[in-house]
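The domain 'Sulfotransferase' annotation in TrEMBL covers 90-334. Feature annotation from TrEMBL assigns 3'-phosphoadenylyl sulfate binding site to 99, 100, 101, 102, 103, 182, 190, 292, 308, 309, 310, 311, 312. The feature active site, for sulfotransferase activity is assigned by TrEMBL to 99. If you look up TrEMBL, you'll see 293-303 marked as disulfide bond.
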């Protein structure tokens, strides 16, 4: 009888031990699965000692819907508090150049799960009335974001407005500044084309590009014409360099962003110290539109507004050559300052 009881006890202990071991193995397997399903990717960027060293990128990607609702004004105060959402001052600004591709660059950077964009041009630093409203007004114009995300805004007028460098410096002397440029003559014609289209919509007449770009009295390039003046990149950059070191600027090739955007975006990711997350999957060429569109996921795609990629008017080749010759020495100096060379005439 005693022998049978001991045998039964050993059998029960064996069963209990097996169950315990099975539970341990299940938990180990479960943890391993969770690790694979919820990776946390380190971000190589300057962090203050109080900031955690990791960004849950996948979590951010799945919560884009919440941020979208916030932009539409549909989220509640409770949702904002619950998800620890904040309105942050930008850590990077696309300061120009007008008609260089600033909107395309902003929308493409917004593919990155750690980036949040201000949808509208704020015009805080270049508009005296807005600037007088103060930094809290500016912050209130920023989108809600998670604490680890980087907010980016773009206002191309910043690049050419004299007061802006000092004003941005006073807000954040270590901010990162993005400048997207195109071949200067092409950019000037694009600038003209946008203004021309606006005039035509209002049934107003407008001078031909040649008459605006060339001084009829001297037959020289008219530097008083804003579209020409904006394309003298080095003149504007020199003003910025009085406040910021050159390593706080990143120059984006706007012409290449049109034809082959991914390498340019990867350079910007590196400059912003973000992990590389934008891939060829996120960019697809739309033959009908004639440029690249954006793929956020399997259900959400986005193309830029139809106003992008306007057809330029024909310009007298002799005027084009004169402008290219005029811009050439300024371009050479721009290459020297920035350390980036372009195949411009």
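One is the number of the first residue shown, and numbering goes on along the chain from there.
Heads up, the Cβ atoms here are built off N, Cα and C, so glycines get one too.
Bear in mind that TrEMBL entries carry predicted annotations, made automatically and left uncurated.
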Fewest other Cβ atoms within 10 Å: which of the binding-site residues 99, 103, 310 wins that one? Let me know.
310
Since the record lists 190, 293, 303, 312 as recorded positions, which of them has the fewest other Cβ atoms within 10 Å of its Cβ?
312
Per-region confidence, the domain 'Sulfotransferase' (90-334) (mean pLDDT, whole number):
94
What same-chain residues, at least 6 away in sequence, bring their CB to under 8 Å of the CB of residue 101 (3'-phosphoadenylyl sulfate binding site)?
180, 182, 252, 254, 257, 258
Where residue 293 (disulfide bond) and residue 310 (3'-phosphoadenylyl sulfate binding site) are concerned, what is their Cα separation in Å, rounded?
16
Among 99, 103, 310, these being the binding-site residues, pick the one whose CA is nearest to that of residue 303 (disulfide bond).
103
